Amino acid sequence: MVVMVPTVGGTNLIGIYRAGGTLFGSYLAWVIYTLFPHNGLVISIIGFFIAMGCFNMILYTKYNRIGTFILLTYNLVALYKFNLKNSDNEDENLDLIDIARYRAIAVGTGIIWGVLVTSYWWPYEARVELRKGLSQLFVNMSWLYKKLVAVYSVMPEVQPSNEGDVTSSSKHSSVRLTPQASHRLSQSTKEFMDMELILQVSLLKLRDLLAQTPNEPRMKGPFPIHTYSEILTGCQNILDKLLSMRIAVTKEEWYKLVRRDFIIPISKERKELVGNVLLYFYILAAALRLKTPLPPYLPPAEKARGRLVKKIRNLPVVKQRIIEHDDEHYIIYYAYALVMEDIIRELEKLGVIMQELFGCMGGHEFNALFSAEDGSSIDDINDESTIHHDDDASGVAPSTS
(Lines of atoms letter the chains of each structure in order from A and count residues from 1; the text may use other names and numbers.)
(Lines give C-alpha, C1' and ligand atoms only; values in the text may rest on other atoms or scores of the structure.)
Protein backbone atom coordinates (compact mmCIF):
# COMPACT_ATOMS: atom_id res chain seq x y z
CA MET A 1 0.00 0.00 0.00
CA VAL A 2 3.00 2.32 0.45
CA VAL A 3 3.96 1.78 -3.18
CA MET A 4 0.50 1.86 -4.75
CA VAL A 5 -1.08 5.20 -5.62
CA PRO A 6 -4.20 5.78 -7.75
CA THR A 7 -2.41 6.12 -11.11
CA VAL A 8 0.07 3.99 -13.03
CA GLY A 9 2.46 6.91 -13.43
CA GLY A 10 2.31 7.69 -9.73
CA THR A 11 3.04 4.07 -8.84
CA ASN A 12 6.04 3.96 -11.18
CA LEU A 13 7.43 7.17 -9.73
CA ILE A 14 6.91 6.13 -6.11
CA GLY A 15 8.49 2.75 -6.89
CA ILE A 16 11.63 4.51 -8.15
CA TYR A 17 11.66 6.80 -5.12
CA ARG A 18 11.30 3.89 -2.72
CA ALA A 19 14.01 1.82 -4.40
CA GLY A 20 16.42 4.76 -4.41
CA GLY A 21 15.63 5.70 -0.81
CA THR A 22 16.05 2.10 0.35
CA LEU A 23 19.44 1.70 -1.34
CA PHE A 24 20.75 5.01 -0.01
CA GLY A 25 19.44 4.36 3.50
CA SER A 26 21.05 0.91 3.53
CA TYR A 27 24.34 2.40 2.36
CA LEU A 28 24.26 5.02 5.14
CA ALA A 29 23.49 2.36 7.74
CA TRP A 30 26.36 0.17 6.53
CA VAL A 31 28.89 3.03 6.51
CA ILE A 32 27.94 4.39 9.94
CA TYR A 33 27.70 1.03 11.68
CA THR A 34 30.99 -0.10 10.14
CA LEU A 35 32.76 3.01 11.46
CA PHE A 36 31.14 2.96 14.92
CA PRO A 37 29.96 -0.62 15.57
CA HIS A 38 29.90 -0.40 19.39
CA ASN A 39 29.28 3.28 20.02
CA GLY A 40 25.56 3.79 20.53
CA LEU A 41 25.98 7.48 21.39
CA VAL A 42 27.68 8.33 18.09
CA ILE A 43 25.16 6.26 16.11
CA SER A 44 22.31 8.13 17.84
CA ILE A 45 23.85 11.56 17.18
CA ILE A 46 24.48 10.76 13.51
CA GLY A 47 20.95 9.35 13.28
CA PHE A 48 19.61 12.66 14.63
CA PHE A 49 21.31 14.63 11.86
CA ILE A 50 20.12 12.12 9.26
CA ALA A 51 16.58 12.52 10.58
CA MET A 52 16.86 16.33 10.37
CA GLY A 53 18.00 16.10 6.75
CA CYS A 54 15.23 13.66 5.88
CA PHE A 55 12.55 15.78 7.56
CA ASN A 56 13.80 18.81 5.64
CA MET A 57 13.46 16.80 2.43
CA ILE A 58 9.98 15.61 3.44
CA LEU A 59 8.65 19.07 4.32
CA TYR A 60 10.34 21.40 1.84
CA THR A 61 11.05 19.45 -1.35
CA LYS A 62 9.00 17.49 -3.85
CA TYR A 63 11.04 14.37 -3.05
CA ASN A 64 9.36 13.78 0.29
CA ARG A 65 8.92 10.05 -0.34
CA ILE A 66 12.68 9.60 -0.80
CA GLY A 67 13.32 11.22 2.59
CA THR A 68 10.74 8.95 4.20
CA PHE A 69 12.30 5.76 2.80
CA ILE A 70 15.88 6.82 3.63
CA LEU A 71 14.97 7.41 7.27
CA LEU A 72 12.88 4.25 7.49
CA THR A 73 15.61 2.05 6.00
CA TYR A 74 18.34 3.55 8.17
CA ASN A 75 16.36 2.84 11.33
CA LEU A 76 15.47 -0.69 10.28
CA VAL A 77 19.03 -1.65 9.34
CA ALA A 78 21.46 0.22 11.62
CA LEU A 79 19.40 0.36 14.81
CA TYR A 80 18.11 -3.17 14.38
CA LYS A 81 21.68 -4.46 14.11
CA PHE A 82 22.74 -2.48 17.18
CA ASN A 83 19.85 -3.90 19.21
CA LEU A 84 20.71 -7.46 18.13
CA LYS A 85 24.24 -7.02 19.47
CA ASN A 86 22.96 -6.47 23.00
CA SER A 87 20.30 -9.20 22.99
CA ASP A 88 20.32 -12.94 23.50
CA ASN A 89 18.49 -13.52 20.22
CA GLU A 90 19.73 -16.29 17.97
CA ASP A 91 19.99 -13.70 15.17
CA GLU A 92 22.73 -11.89 17.09
CA ASN A 93 25.37 -12.95 14.59
CA LEU A 94 23.31 -11.80 11.60
CA ASP A 95 25.55 -9.66 9.41
CA LEU A 96 24.60 -6.07 8.58
CA ILE A 97 24.85 -6.82 4.86
CA ASP A 98 22.30 -9.62 5.25
CA ILE A 99 19.86 -7.29 7.01
CA ALA A 100 20.22 -4.73 4.21
CA ARG A 101 19.80 -7.46 1.59
CA TYR A 102 16.62 -8.80 3.21
CA ARG A 103 15.29 -5.27 3.37
CA ALA A 104 16.06 -4.68 -0.31
CA ILE A 105 14.40 -7.98 -1.30
CA ALA A 106 11.26 -7.13 0.68
CA VAL A 107 11.06 -3.63 -0.78
CA GLY A 108 11.76 -4.85 -4.32
CA THR A 109 9.04 -7.49 -4.03
CA GLY A 110 6.57 -4.87 -2.85
CA ILE A 111 7.47 -2.52 -5.69
CA ILE A 112 7.10 -5.23 -8.34
CA TRP A 113 3.76 -6.35 -6.89
CA GLY A 114 2.45 -2.79 -6.70
CA VAL A 115 3.46 -2.06 -10.30
CA LEU A 116 1.84 -5.28 -11.53
CA VAL A 117 -1.41 -4.55 -9.70
CA THR A 118 -1.72 -0.96 -10.91
CA SER A 119 -0.58 -1.75 -14.46
CA TYR A 120 -2.52 -4.95 -15.26
CA TRP A 121 -4.97 -5.93 -12.54
CA TRP A 122 -6.44 -2.53 -11.66
CA PRO A 123 -5.01 -0.01 -14.16
CA TYR A 124 -5.72 3.65 -13.63
CA GLU A 125 -3.72 5.51 -16.26
CA ALA A 126 -3.35 9.22 -15.65
CA ARG A 127 -3.45 10.12 -19.36
CA VAL A 128 -6.68 8.16 -19.90
CA GLU A 129 -8.35 9.64 -16.83
CA LEU A 130 -7.14 13.08 -17.92
CA ARG A 131 -8.96 12.78 -21.25
CA LYS A 132 -12.11 11.44 -19.61
CA GLY A 133 -12.02 14.15 -16.97
CA LEU A 134 -11.55 16.88 -19.56
CA SER A 135 -14.45 15.51 -21.59
CA GLN A 136 -16.70 15.54 -18.54
CA LEU A 137 -15.49 19.03 -17.66
CA PHE A 138 -16.61 20.36 -21.05
CA VAL A 139 -20.02 18.73 -20.57
CA ASN A 140 -20.34 20.25 -17.10
CA MET A 141 -19.32 23.70 -18.33
CA SER A 142 -21.90 23.50 -21.10
CA TRP A 143 -24.51 22.56 -18.51
CA LEU A 144 -23.48 25.53 -16.36
CA TYR A 145 -23.72 27.82 -19.39
CA LYS A 146 -27.17 26.45 -20.23
CA LYS A 147 -28.34 27.06 -16.66
CA LEU A 148 -27.09 30.64 -16.84
CA VAL A 149 -29.01 31.15 -20.07
CA ALA A 150 -32.11 29.69 -18.43
CA VAL A 151 -31.82 32.08 -15.50
CA TYR A 152 -31.92 35.25 -17.57
CA SER A 153 -34.30 33.88 -20.21
CA VAL A 154 -37.22 33.25 -17.85
CA MET A 155 -38.98 36.30 -16.46
CA PRO A 156 -39.47 36.00 -12.67
CA GLU A 157 -42.37 37.43 -10.71
CA VAL A 158 -42.29 41.21 -10.71
CA GLN A 159 -44.31 43.97 -9.13
CA PRO A 160 -44.84 47.51 -10.35
CA SER A 161 -42.72 50.20 -8.78
CA ASN A 162 -44.42 52.89 -6.74
CA GLU A 163 -44.72 56.14 -8.61
CA GLY A 164 -43.22 57.97 -5.69
CA ASP A 165 -40.08 55.85 -5.88
CA VAL A 166 -39.34 56.85 -9.44
CA THR A 167 -36.48 59.32 -9.48
CA SER A 168 -34.29 60.76 -12.12
CA SER A 169 -31.67 58.07 -11.50
CA SER A 170 -34.18 55.26 -11.96
CA LYS A 171 -36.57 56.74 -14.48
CA HIS A 172 -36.31 53.70 -16.74
CA SER A 173 -37.11 51.15 -14.00
CA SER A 174 -40.74 50.18 -14.35
CA VAL A 175 -40.64 46.81 -12.55
CA ARG A 176 -38.96 45.22 -9.59
CA LEU A 177 -38.72 41.66 -8.34
CA THR A 178 -41.05 40.35 -5.68
CA PRO A 179 -39.47 39.21 -2.39
CA GLN A 180 -40.05 35.57 -3.40
CA ALA A 181 -38.35 36.10 -6.76
CA SER A 182 -35.43 37.90 -5.13
CA HIS A 183 -35.01 35.00 -2.70
CA ARG A 184 -35.02 32.47 -5.54
CA LEU A 185 -32.47 34.55 -7.42
CA SER A 186 -30.27 34.58 -4.33
CA GLN A 187 -30.59 30.81 -4.02
CA SER A 188 -29.69 30.40 -7.68
CA THR A 189 -26.57 32.47 -7.11
CA LYS A 190 -25.49 30.15 -4.28
CA GLU A 191 -26.13 27.09 -6.47
CA PHE A 192 -24.04 28.58 -9.26
CA MET A 193 -21.22 29.27 -6.82
CA ASP A 194 -21.33 25.63 -5.67
CA MET A 195 -21.16 24.42 -9.28
CA GLU A 196 -18.26 26.74 -10.02
CA LEU A 197 -16.41 25.40 -6.97
CA ILE A 198 -16.94 21.80 -8.13
CA LEU A 199 -15.63 22.65 -11.60
CA GLN A 200 -12.61 24.44 -10.13
CA VAL A 201 -11.76 21.43 -7.96
CA SER A 202 -12.08 19.20 -11.03
CA LEU A 203 -9.60 21.41 -12.88
CA LEU A 204 -7.09 21.14 -10.03
CA LYS A 205 -7.41 17.34 -10.03
CA LEU A 206 -6.87 17.27 -13.79
CA ARG A 207 -3.68 19.29 -13.39
CA ASP A 208 -2.46 16.72 -10.86
CA LEU A 209 -3.17 13.95 -13.37
CA LEU A 210 -1.28 15.87 -16.05
CA ALA A 211 1.75 16.09 -13.75
CA GLN A 212 1.80 12.27 -13.47
CA THR A 213 1.56 11.49 -17.19
CA PRO A 214 5.35 11.74 -17.90
CA ASN A 215 5.93 8.78 -15.57
CA GLU A 216 3.77 6.38 -17.61
CA PRO A 217 5.30 4.35 -20.44
CA ARG A 218 3.77 5.17 -23.81
CA MET A 219 4.48 3.35 -27.08
CA LYS A 220 3.46 6.36 -29.22
CA GLY A 221 6.14 8.54 -27.72
CA PRO A 222 6.09 11.29 -25.09
CA PHE A 223 2.69 12.45 -23.93
CA PRO A 224 1.78 15.93 -25.32
CA ILE A 225 1.95 17.65 -21.95
CA HIS A 226 2.20 21.18 -23.37
CA THR A 227 -0.90 20.70 -25.53
CA TYR A 228 -3.01 19.42 -22.66
CA SER A 229 -1.68 22.20 -20.46
CA GLU A 230 -3.00 24.71 -23.02
CA ILE A 231 -6.37 22.94 -22.99
CA LEU A 232 -6.54 23.17 -19.19
CA THR A 233 -5.60 26.85 -19.35
CA GLY A 234 -8.39 27.45 -21.88
CA CYS A 235 -10.86 25.63 -19.62
CA GLN A 236 -9.77 27.80 -16.70
CA ASN A 237 -10.32 30.94 -18.78
CA ILE A 238 -13.80 29.78 -19.82
CA LEU A 239 -14.70 28.99 -16.21
CA ASP A 240 -13.56 32.47 -15.17
CA LYS A 241 -15.71 34.02 -17.90
CA LEU A 242 -18.73 31.97 -16.83
CA LEU A 243 -18.22 33.30 -13.32
CA SER A 244 -18.22 36.86 -14.68
CA MET A 245 -21.38 36.08 -16.65
CA ARG A 246 -23.06 34.75 -13.52
CA ILE A 247 -22.26 37.97 -11.67
CA ALA A 248 -23.85 39.99 -14.49
CA VAL A 249 -27.02 37.97 -15.12
CA THR A 250 -27.91 37.41 -11.45
CA LYS A 251 -28.23 41.12 -10.70
CA GLU A 252 -31.78 42.36 -10.23
CA GLU A 253 -31.08 45.24 -12.61
CA TRP A 254 -30.86 42.64 -15.40
CA TYR A 255 -34.57 41.86 -15.09
CA LYS A 256 -35.67 45.48 -14.91
CA LEU A 257 -34.48 46.66 -18.30
CA VAL A 258 -31.88 44.40 -19.89
CA ARG A 259 -34.21 41.47 -20.45
CA ARG A 260 -36.99 43.66 -21.81
CA ASP A 261 -34.83 45.84 -24.05
CA PHE A 262 -32.07 43.44 -25.20
CA ILE A 263 -33.04 39.81 -24.62
CA ILE A 264 -36.61 39.47 -25.85
CA PRO A 265 -36.21 41.43 -29.15
CA ILE A 266 -33.30 39.23 -30.29
CA SER A 267 -34.61 35.81 -29.24
CA LYS A 268 -34.01 34.22 -32.64
CA GLU A 269 -30.39 35.36 -32.93
CA ARG A 270 -29.76 34.55 -29.28
CA LYS A 271 -31.07 31.01 -29.75
CA GLU A 272 -28.68 30.51 -32.66
CA LEU A 273 -25.74 31.82 -30.62
CA VAL A 274 -26.50 29.70 -27.55
CA GLY A 275 -27.04 26.62 -29.70
CA ASN A 276 -23.68 27.07 -31.42
CA VAL A 277 -21.86 27.53 -28.11
CA LEU A 278 -23.47 24.40 -26.62
CA LEU A 279 -22.66 22.44 -29.78
CA TYR A 280 -19.05 23.61 -29.53
CA PHE A 281 -18.79 22.30 -25.96
CA TYR A 282 -20.22 18.91 -26.92
CA ILE A 283 -18.00 18.49 -30.00
CA LEU A 284 -14.88 19.14 -27.93
CA ALA A 285 -16.10 16.77 -25.21
CA ALA A 286 -16.81 14.02 -27.75
CA ALA A 287 -13.41 14.45 -29.42
CA LEU A 288 -11.63 14.00 -26.09
CA ARG A 289 -13.71 11.01 -25.13
CA LEU A 290 -13.46 9.18 -28.46
CA LYS A 291 -10.04 10.42 -29.67
CA THR A 292 -11.52 10.86 -33.14
CA PRO A 293 -10.66 13.57 -35.71
CA LEU A 294 -12.75 16.71 -35.52
CA PRO A 295 -14.93 17.84 -38.43
CA PRO A 296 -13.38 20.46 -40.72
CA TYR A 297 -16.18 22.93 -40.02
CA LEU A 298 -16.85 23.72 -36.37
CA PRO A 299 -19.98 25.53 -35.16
CA PRO A 300 -19.96 29.16 -36.41
CA ALA A 301 -20.44 30.66 -32.97
CA GLU A 302 -18.55 33.86 -33.78
CA LYS A 303 -20.64 34.44 -36.91
CA ALA A 304 -23.81 33.89 -34.89
CA ARG A 305 -22.54 36.45 -32.40
CA GLY A 306 -21.84 38.84 -35.27
CA ARG A 307 -25.42 38.53 -36.50
CA LEU A 308 -26.68 39.07 -32.97
CA VAL A 309 -24.51 42.19 -32.65
CA LYS A 310 -25.87 43.54 -35.93
CA LYS A 311 -29.42 42.98 -34.72
CA ILE A 312 -28.69 44.72 -31.42
CA ARG A 313 -27.26 47.76 -33.20
CA ASN A 314 -30.53 48.22 -35.03
CA LEU A 315 -32.67 48.10 -31.89
CA PRO A 316 -34.42 51.41 -31.19
CA VAL A 317 -33.44 51.31 -27.54
CA VAL A 318 -29.75 51.17 -28.48
CA LYS A 319 -30.00 54.19 -30.76
CA GLN A 320 -31.90 56.12 -28.10
CA ARG A 321 -29.34 55.37 -25.39
CA ILE A 322 -26.21 56.24 -27.32
CA ILE A 323 -25.82 59.47 -25.38
CA GLU A 324 -26.81 58.05 -21.97
CA HIS A 325 -23.40 57.30 -20.46
CA ASP A 326 -24.70 56.80 -16.89
CA ASP A 327 -27.10 53.93 -17.63
CA GLU A 328 -26.02 51.12 -15.28
CA HIS A 329 -28.30 48.61 -17.00
CA TYR A 330 -26.54 49.22 -20.28
CA ILE A 331 -23.16 48.64 -18.58
CA ILE A 332 -24.34 45.23 -17.32
CA TYR A 333 -25.20 44.13 -20.83
CA TYR A 334 -21.90 45.54 -22.07
CA ALA A 335 -20.06 43.26 -19.62
CA TYR A 336 -22.16 40.29 -20.70
CA ALA A 337 -21.38 40.92 -24.37
CA LEU A 338 -17.65 41.09 -23.68
CA VAL A 339 -17.75 37.83 -21.73
CA MET A 340 -19.54 36.03 -24.58
CA GLU A 341 -16.91 37.24 -27.03
CA ASP A 342 -14.13 35.91 -24.78
CA ILE A 343 -15.84 32.53 -24.31
CA ILE A 344 -16.25 32.06 -28.06
CA ARG A 345 -12.63 33.06 -28.65
CA GLU A 346 -11.45 30.45 -26.14
CA LEU A 347 -13.67 27.77 -27.70
CA GLU A 348 -12.29 28.51 -31.15
CA LYS A 349 -8.74 28.33 -29.81
CA LEU A 350 -9.48 24.98 -28.15
CA GLY A 351 -11.03 23.74 -31.39
CA VAL A 352 -7.82 24.50 -33.29
CA ILE A 353 -5.71 22.81 -30.60
CA MET A 354 -7.81 19.65 -30.71
CA GLN A 355 -7.75 19.57 -34.50
CA GLU A 356 -3.96 19.53 -34.26
CA LEU A 357 -4.07 16.93 -31.49
CA PHE A 358 -6.59 14.44 -32.93
CA GLY A 359 -6.61 15.45 -36.59
CA CYS A 360 -9.18 16.98 -38.88
CA MET A 361 -11.38 15.24 -41.45
CA GLY A 362 -10.73 17.00 -44.75
CA GLY A 363 -9.03 20.14 -43.52
CA HIS A 364 -7.86 22.37 -46.36
CA GLU A 365 -9.35 19.99 -48.92
CA PHE A 366 -12.79 20.69 -47.46
CA ASN A 367 -12.33 24.46 -47.77
CA ALA A 368 -11.08 24.07 -51.35
CA LEU A 369 -14.39 22.47 -52.32
CA PHE A 370 -16.21 25.72 -51.54
CA SER A 371 -13.79 28.31 -52.89
CA ALA A 372 -14.72 30.97 -55.41
CA GLU A 373 -13.04 31.18 -58.80
CA ASP A 374 -10.48 33.70 -57.54
CA GLY A 375 -9.51 31.36 -54.70
CA SER A 376 -11.27 33.28 -51.94
CA SER A 377 -13.65 31.54 -49.61
CA ILE A 378 -17.33 31.91 -50.44
CA ASP A 379 -18.02 31.74 -46.72
CA ASP A 380 -15.86 34.80 -46.14
CA ILE A 381 -17.59 36.70 -48.95
CA ASN A 382 -21.08 35.94 -47.66
CA ASP A 383 -20.24 36.89 -44.07
CA GLU A 384 -18.08 39.92 -44.78
CA SER A 385 -20.82 42.36 -43.92
CA THR A 386 -21.51 40.53 -40.66
CA ILE A 387 -18.06 39.78 -39.35
CA HIS A 388 -16.07 42.75 -40.65
CA HIS A 389 -18.12 45.41 -38.95
CA ASP A 390 -16.57 48.38 -37.19
CA ASP A 391 -13.86 48.01 -34.57
CA ASP A 392 -16.36 47.75 -31.69
CA ALA A 393 -16.83 43.97 -31.57
CA SER A 394 -18.42 43.81 -28.16
CA GLY A 395 -21.97 44.26 -29.35
CA VAL A 396 -22.47 47.71 -27.80
CA ALA A 397 -23.25 50.73 -29.89
CA PRO A 398 -20.49 53.34 -30.01
CA SER A 399 -21.11 56.35 -27.85
CA THR A 400 -21.16 59.85 -29.18
CA SER A 401 -19.46 62.66 -27.37
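Glycine is treated like the rest: Cβ placed from N, Cα and C.
Residues in the domain 'Integral membrane bound transporter' (1-117) partition by DSSP class (helix H, G, I; strand E, B; coil) as 97 helix, 0 strand, 20 coil. Under the heading domain 'Integral membrane bound transporter', TrEMBL lists 1-117.
The domain 'DUF2421' annotation in TrEMBL covers 180-299.
As annotated by TrEMBL, region 'Disordered' applies to 161-180 (among others).
The annotation region 'Disordered' is assigned in TrEMBL to 381-401 (among others).
The transmembrane segment feature in TrEMBL is assigned to 12-33 (among others). The list of residues near the transmembrane segment (12-33) in space but at least 6 beyond its ends in sequence, with Cβ under 8 angstroms from a Cβ of it, reads 2-3, 5, 43, 46-47, 50, 63, 65-74, 77-78, 81-82, 96-97, 100, 103-104, 107-108, 110-111, 114-115, 212, 215-217.
According to TrEMBL, the transmembrane segment annotation covers 39-59 (among others). Long-range contacts of the transmembrane segment (39-59) within its own chain (CB-CB distance under 8 A, at least 6 residues past either end) are made by residues 28, 32-33, 66-68, 70-71, 74-75, 78-79, 82.
Per TrEMBL, transmembrane segment is recorded for 102-122 (among others).
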Model confidence over the domain 'DUF2421' (180-299) (mean pLDDT, whole number): 85
DSSP helix/strand/coil residue counts for the domain 'DUF2421' (180-299): 100 helix, 1 strand, 19 coil
